[in-house]
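Report on the following structure.
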């Protein structure tokens, strides 16, 4: 059965529920929700540190057996029940109501900090209209006799991020004051979110055409520009070449792994021991990459979080579909587009980072060349970048004392390439540094931050929908009240709570929310989603519902993944995630100009009261699952003693929709 994406799906007239204008709008909304900031600033980093092409093997295995099955399950569930997360799980079983409440709460917590990240993007976008870019030069000190000391000791890019944007405190315990420029940007971001979600999918469905498509246009522009920059090839080679040292041993067993950090702690270096029996270094490398549990954990978590599973937003989006719709094809389409976007984004990102590293490498060589020419009174163009190495070798052997006295910098392209990072460090430090070096830097900065804002905004639509739809169905406000009122209340309350992130210590708290509220709870919720459908609602009944919706039987792949593989993978990832977190006390890195190692960031352990908040954030969404189940168990025990008690009917998707006449496809 094939269905035209541009065709308007039919929805029963008796059903007053809103509907998508067309199938393409729905697919685009799901893609916009799934494709977010992590596709641009986390996937390329993981791909690079875990061996490039070798990392794609566990990544696509996780996509096949974890990502796509869970995505299919959520889309089928929402489409079948035509309800948001809370209503859907209450319908399946009151005992599973806590799963819906948990996902609703995660959507709230993630929305709070995610929109603050967009606040930072907006601040950079506003400043991108200045010429020169404000993060390209250090400001003068108070006496105007030299550069600001903090900026001079670090870089102009670091100074603008940590001081001019965040005005960060050196410790999380020092909350500091609210920053007025961030408050204004935060208010503007929530106002934009409100205007786009004012009537649910009726308005987000229109905005998604811009916010979901525009980033692909910008990525393509960056791809074309990036590939023409000097050093782009080096950046791409670095992306797909593992950061390893391969050592051959006559008696070593193939597959032995030693893992250690680089001297400055900036990145992980994997040292693989390979025996002579291995045919090639690549064959040995691939074997060892696949035997490293950290690679599998990173691949599984990236797939899971990138697809926005267990937030409730996908269930809400699918609930506005007609019940007769091919949700299986939708799930596969969204998952593949999401993963291909990650791969596509990696190319322009590392092309630009390769250009930045090459430029820094050339600058290092040029400074050394000038020092040597001045010291030895050589003709200006006698030493070039191309013959620098041979000159250094000659001078080191002939005049070792003179060369030693120059204190020449060690210029190594690999060291500059190793500075690749993920998250905010990539967007607001490394990439902004690269943009400064590009011709027409102002235009590239504007394009880059508009792209990031669009990516984040389309993800916010899904987060807010995961909050909005359940509240609308629970009739928190009277039916006569307009939807605009509920949207306004959600956005206003969220804005007021998110003000805490505009404190000088706000970025530390965003890291905590991201690490604890948006990680472990999602794994727990997704696990109970699969268990709830397969073993409580029963896989046979759910299979019949999906067959009724799509017009064809579920194949063996879905049966096996839903019954065994997906829940087992979720359990393994959860256990591995918790184990890694418990190996050392929770810590964070602080920007402290008084730290002896400055401009390196100072690593600190969270104080006990902050650790308690971390545990609370991780437990708060999860605790609703047993609490709601226990509540209904007690309630059921009491009601069952009543002689007038009648057991509830078993829910059936087909039965619930039997009063509607759907066209067969």
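Glycine too: its Cβ is placed from the backbone N, Cα and C atoms.
Residue environment of residue 35 (Na(+) binding site) contains 27 other Cβ atoms, counted within 10 Å of its Cβ in all protein chains. Look at TrEMBL and you will find 32, 34, 35, 39, 306, 338, 455, 459 tagged as Na(+) binding site.
What TrEMBL records for 26-43 (among others) is transmembrane segment. Long-range neighbours of the transmembrane segment (26-43) within the same chain, counting only residues 6 or more positions beyond its ends whose Cβ lies under 8 Å from a Cβ of the stretch, are 5, 20, 75, 117, 201, 204-205, 208-209, 211-213, 215, 302, 305-308, 313-314, 317, 320-321, 330, 333-335, 337-338, 341-343, 345-346, 349, 422-424, 426-427, 451-452, 455-456, 458-459, 461-463.
Under the heading transmembrane segment, TrEMBL lists 49-71 (among others).
With a cut-off of 8 Å between Cβ atoms, the residues of this chain six or more beyond the transmembrane segment (92-114) that come close are 81, 84-86, 310-313, 315, 456, 459-460, 463-464, 466-467, 470, 494, 497-498, 501, 509-510, 513-514, 517-518, 521-522, 524-525, 528-529, 532-533, 536-537, 617, 620-622, 624-629, 632-633, 651. Taken from TrEMBL, the feature transmembrane segment applies to 92-114 (among others).
TrEMBL lists 178-196 (among others) with the feature transmembrane segment.
Annotation comment: TrEMBL describes 208-229 (among others) as transmembrane segment.
For 299-320 (among others), the entry in TrEMBL reads transmembrane segment. Residues 17-20, 26, 29-30, 33-36, 38-39, 42-43, 46, 50, 55, 58-59, 61-63, 66-67, 70-71, 74-79, 81-86, 88, 100, 103-104, 106-107, 110, 201, 327, 330, 334-335, 338-339, 342, 459, 461-463, 465-470, 518-519, 521-523, 525-526, 529, 569, 573, 577 of the same chain lie 6 or more positions beyond the ends of the transmembrane segment (299-320) yet place their CB under 8 Å from a CB of it.
Same-chain neighbours of the transmembrane segment (443-464): 29-30, 32-37, 39-40, 107, 110-111, 114-115, 117-118, 121-122, 124-125, 128-129, 133, 192-193, 196-197, 204, 207-208, 210-212, 214-215, 218-219, 221-222, 225, 308, 311, 313-314, 316-317, 427, 431-432, 435, 487, 490-491, counting only residues six or more beyond its ends whose CB sits under 8 Å from a CB of the stretch. TrEMBL lists 443-464 (among others) with the feature transmembrane segment.
For 485-504 (among others), the entry in TrEMBL reads transmembrane segment.
The transmembrane segment annotation in TrEMBL covers 516-539 (among others). Residues 70, 73-74, 77, 89, 92-93, 95-96, 99, 102-103, 105-106, 109-110, 113, 301, 304-305, 309-311, 559, 562-563, 566-567, 570-571, 573-574, 577-578, 614-615, 617-618, 620-622, 625, 651 of the same chain lie 6 or more positions beyond the ends of the transmembrane segment (516-539) yet place their CB under 8 Å from a CB of it.
Taken from TrEMBL, the feature transmembrane segment applies to 560-580 (among others). Nonlocal intrachain contacts for the transmembrane segment (560-580), taken as residues 6+ away from its ends with a CB within less than 8 angstroms of a stretch CB, comprise 62, 65-66, 69-70, 73, 293, 297, 300-301, 304, 519-520, 523-524, 526-527, 530-531, 533-534, 539.
The transmembrane segment annotation in TrEMBL covers 609-634 (among others). Counting residues 6+ beyond its ends, the transmembrane segment (609-634) has Cβ neighbours under 8 Å at 94-99, 101-103, 105-106, 109, 172-173, 512-513, 515-517, 519-521, 524-525, 528, 585-586 in the same chain.
Ranking 49-71, 208-229, 485-504 by CB pairs under 8 A with the transmembrane segment (178-196) puts 485-504 at the top. Summary for the binding-site residues 39, 306, 338, 459: the Cβ-based neighbour count within 10 Å is maximal at 459. Other Cβ atoms within 10 Å of the Cβ of residue 34 (Na(+) binding site), summed over all protein chains shown, number 28.
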